[in-house]
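Have a look at the structure below, then the notes.
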Amino acid sequence: MCMPCFTTDPNMANKCRDCCGGGKKCFGPQCLCNR
């Protein structure tokens, strides 16, 4: 699991993708790489 996702951060989706190394996304308050 990557860093928490905050909707106030406009770059959060990109950070999640970078951390997951692909097209994964934020689910709720967390960045989940197994979906």
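Cβ atoms here come from the backbone N, Cα and C positions, even for glycine.
Pulled from Swiss-Prot, these are the features on record:
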DISULFID  Cys2-Cys19  disulfide bond
DISULFID  Cys5-Cys26  disulfide bond
DISULFID  Cys16-Cys31  disulfide bond
DISULFID  Cys20-Cys33  disulfide bond
CB contacts for Cys16 (disulfide bond) [other CB atoms within 10 A, all chains]: 23
Residue with minimal Cβ packing [other Cβ atoms within 10 Å] among the disulfide-bonded residues Cys19, Cys20, Cys31: Cys19
Integer Cα-Cα distance in angstrom, Cys31 (disulfide bond) to Cys20 (disulfide bond): 8
